[in-house]
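The following features are taken from Swiss-Prot:
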{"type": "BINDING", "residues": "Pro281, Gly282, Ser283, Gly284, Lys285, Thr286, Leu287", "note": "ATP 1 binding site"}
{"type": "BINDING", "residues": "Gly503, Cys504, Ser505, Lys506, Thr507, Leu508", "note": "ATP 2 binding site"}
Amino acid sequence: MSSAKKKPSLVTCPQCNAVVLTKDSLRHQDFCGKPVVESEIACAQNGTLRGFNVAVDKAEGFLPPDAVGWEKEHSILINQQTMESLGLLARQPVRIIHSSDSFIGIVWPCKEVALLKVSIISSRIARERMITLESCGRVEKLKSLSVTVKTSLTLNPALSGFLEAYLSHSYLQYNSSVDLKYLGQNVTVTPEEPIESKMSAMGIDDDKKRNSKVVSTAVGYKIQILNASAEGSTSDVLQTLPTDLSNIGGCFTAKQVLEDYVISPVRQKESPCSVLIWGLPGSGKTLLLKEVALVLSGSTTYIGSCEELMELNGVTTGNIVIVDVNELEKENTKANRALSFLLGDEKKCVILCVRSSETLDIGFRVRFPIEAEITVPTQDERLDILSKIGNIYNFPLELHLDVARHTHGFTGGDLCSLLKAAKFARGRTHLERVNDARKRIRPTGIRQFILEVPNVSWNDIGGNEELKLEIQQAVIWPQKHPEAFERFGIDPPAGILLYGPPGCSKTLIARALASEAKMNFLAVKGPELFSKWVGDSEKAIRDLFSRARQVAPTIVFFDEIDAVGSSRGSEKSSGVSDRVLAQLLTELDGLEKSSRVILLAATNRPDQLDSALLRPGRLDRAIYVGLPCEVTRRAILEMRTKKMKFDDTVRTIDKLVEKTSGYSGAELVAVCRTAAMFAMRESIDATIVQWTHFEQALAAVVSRTEAYLLEIYDDFKAGRASNA
């Protein structure tokens, strides 16, 4: 190993005292004696640096933990050795110059930055661009800062308070703008020099001196907005602010909570409560919280993202802090620390808004004494929302009630999308265009489930007239004639069980029922609810009924309910199925008549259901959907053969009805389809289905309903225990 000392990385030119990299010492001879700004290589001289702006991975992690607002956005990382060459100290203000642009920042040491280079946190200057960094000299402290603001937002005291917090401990130069984000929108702030300062600085180099003058905001300074430019035009700074939350449509419960626990206490000079608010996207959370910020203007600080929360780091001006974030991840330690700091300040009221309360750490949740969920709007809330947005889209007032009735599951955002789409939809009238647009919009409230208003009518189900009437009495009558039930002092059924052989239209009946009743239809199959993760199956049941209540009136259809509701202690049951059944029973007990949620279940094996599920108050009615009788078979066959041509239509249908005794509805449909396939097999151009084709189809499709199943249904109907 050589004993020679390693050459220093930086060398000082003996002629001009410029500091350059050792490898650039020869190239420096071409620029020796010239101003630093003309150098094409990195160098430092007399407090001025000429070097490249480079990228540093996770640069914000090298900043001091209390760097927030302007200080964070305008920090400049620089090597400690480079700082010593320039005679700079940490957090000292410097001017960055690139082309015709210049701005003020503060330096902070970082060993990851190469010698004679800088890493500017702001994206104002692109990476790998040559910049000039120079010290600012004397800085004037200001107790009052006058600015002009350019933004598309309404200027109000809330924004003024945010700017005061953001520009705290900042270094600025007059007529040089600062760009920032507020409520997700761009805001450009330009410091304006007082007229007295302009007059005192008048001289030969007036403009140059004023533009290079650096000022700093003192502790407790005040900001004054001179004028506001909104979308390029000048307007009054402060506009009329709302006094309550009546401008926001819907959200009745959440609005009342905020009025009672936040707004009223503030006006009465009392301490407000911290509130946790959550709800689906498009439900109006952000709109509501922005309105709260306007109502309590001057007392609030609005934080619209985790990034803003981390920037402010708990430093806010108002005593009401609104934190509007979609999700607060546990891994985001800096945001969690900032929120914890806010909640730990007894003088502050925190309104936290998230998408789901379940994802919030329990340590935070217990610190909110009041919680409010913004649910999917009810009919009255939808009507209120339409009254607020109808004028925007020129939607007639007389149609508001009709639209509100038929938009179950629509959030406020969905209703806006509906009226917007209706302007371009097909139809001669407003209502026709709205109905066309509604088919194209999937409501937010029902997206995560298979939920819809099915396009199936009673006419699509052949025969079964008595069965249809019985089901209508159990489901549709309570919706259309509630006064009749009140007159007799009885409650409508909470649940209905459809049982019978496979293929007898139980699912089709359920869909037609939802369509005729104009109710949402939420369909799940029993096995789909099971999960290998402990507790997930029970949570699926809870979520199912929770969403059903939100988008009521709803029919919750459980197909193959025997997979979930099998008798406890039987061979089919297991630990998971028993827990799921217990959760299902709990949810059924919690269904109040005012919830407008009906459980409709279907099974082929009613004998295997747990007796607790079948008691009155849960599955009140058990309706047998049996094999089609002669009249029903005729109706089904006539419906399925409408487009078929026969040699003798009447005789063919009569023969089919006679020969399909014991066939289910699905098997009758299969017979018709198979006969048509045999006709096409003989000739692809065939137009008539012969009786011989039906004979072949009857031989291929046979009745598969076993006799022991029919005995089970008879025993169940009579209340006898089955031996099967």
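Positions of Cβ are set from backbone N, Cα and C atoms, glycine also.
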Residue among the binding-site residues Leu287, Cys504, Leu508 whose Cβ has the most other Cβ atoms within 10 Å: Cys504
Shortest C-alpha distance to Lys506 (ATP 2 binding site) - which of the binding-site residues Pro281, Gly284, Lys285, Leu287: Pro281
Around the Cβ of Lys285 (ATP 1 binding site), the count of other Cβ atoms that are within 10 Å: 22
Pairwise CA distance, Ser505 (ATP 2 binding site) versus Leu287 (ATP 1 binding site), rounded so that it is a whole Å: 46
Spatial separation of Thr507 (ATP 2 binding site) from Gly282 (ATP 1 binding site) - C-alpha basis, Å: 32
Sorted by sequence, non-Gly503, Cys504, Ser505, Lys506, Thr507, Leu508 residues with Cβ within 8 Å of centre, ATP 2: Gly500, Ile509, Ala602, Val625, Ser664, Gly665, Ala666
Residue among binding-site residues Pro281, Gly282, Gly284, Gly503 with least C-beta crowding, 10 angstrom cut-off: Pro281
Beyond the site residues Pro281, Gly282, Ser283, Gly284, Lys285, Thr286, Leu287: chain residues whose C-beta lies within 8 Å of the centroid, for ATP 1: Gly279, Leu280, Leu288, Ile374, Thr411, Gly412, Gly413
Spatial separation of Ser283 (ATP 1 binding site) from Leu508 (ATP 2 binding site) - C-alpha basis, Å: 33
Among Gly503, Cys504, Thr507, which are recorded as binding-site residues, the nearest neighbour of Gly284 (ATP 1 binding site) by Cα: Thr507
Sequence-distant neighbours of Thr286 (ATP 1 binding site) in its chain (C-beta under 8 A, six or more apart): Gly304, Asp324, Cys353
Inter-residue Cα distance where the pair is Pro281 (ATP 1 binding site) and Thr507 (ATP 2 binding site), in Å: 32
Residue among binding-site residues Ser505, Lys506, Thr507 with least C-beta crowding, 10 angstrom cut-off: Thr507
DSSP three-state assignment for Pro281 (ATP 1 binding site): coil
Inter-residue C-alpha distance, Gly503 (ATP 2 binding site) and Pro281 (ATP 1 binding site) (nearest angstrom): 40
Whole-number Å value for how far Cys504 (ATP 2 binding site) lies from Ser283 (ATP 1 binding site) (Cα to Cα): 41
